[in-house]
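Remarks on the structure that follows.
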Amino acid sequence: MAAPKARALGPEEKDECMKIFDIFDRNAENIAPVSDTMDMLTKLGQTYTKRETEAIMKEARGPKGDKKNIGPEEWLTLCSKWVRQDDEEEILRAFKVFDANGDGVIDFDEFKFIMQKVGEEPLTDAEVEEAMKEADEDGNGVIDIPEFMDLIKKSKNALKES
């Protein structure tokens, strides 16, 4: 499979890509390890071979780029190659990133990490608990893919209305 061609990202797409980057920027240094970036591409549903991923990474870094880390501009270059118009596909990719242990659901700890990383202000444990209860429609203590899709769609609709 050839690497997809880059396209211009819209403001919302850039914001979403940067939220994902921020999750992997563990030390808030505006960099993420290349090894994590490769994992991010895989978790986001990409089926590139190791060679294709390395070619994309090399292109994103540029000729004098850091071989161990990737910055936000490089990450946005990568995002422009895989971002899709299809909302459900986009939501599913985000779910896979947030489902850190890959068990098909987002548990409280994963949800707490997300909510405290992507929000403008970190949420308290009580606020995270309340948000989890709201998102966990069937009350089984985890957020599955349909619940996550509903949560994201509700959030997008609320943002459009405000």
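Glycine too: its Cβ is placed from the backbone N, Cα and C atoms.
Going by what Swiss-Prot states, the Ca(2+) 2 site holds Asp136, Asp138, Asn140, and the candidate of Glu130, Glu147 recorded there is Glu147.
Checking the candidates Lys117, Lys133, Lys156 against Swiss-Prot, the annotation N6,N6,N6-trimethyllysine falls on Lys117. Across the range of the domain 'EF-hand 3' (86-121), the DSSP-based residue counts are 23 helix, 1 strand, 12 coil.
The separation of Asp103 (Ca(2+) 1 binding site) from Asn140 (Ca(2+) 2 binding site), Cα to Cα, is 15 Å. When the neighbouring Cβ atoms lying within 10 Å are counted for each of the binding-site residues (Glu110, Asp138), the highest count belongs to Glu110. Glu147 (Ca(2+) 2 binding site) is surrounded by 19 other CB atoms, counting those within 10 A of its CB over all protein chains shown. With respect to their backbone Cα atoms, Lys117 (N6,N6,N6-trimethyllysine) and Asp103 (Ca(2+) 1 binding site) stand 21 Å from each other.
When Cα-Cα distances from Glu110 (Ca(2+) 1 binding site) are compared across the recorded positions Lys96, Asp136, Asp138, Glu147, the shortest belongs to Lys96.
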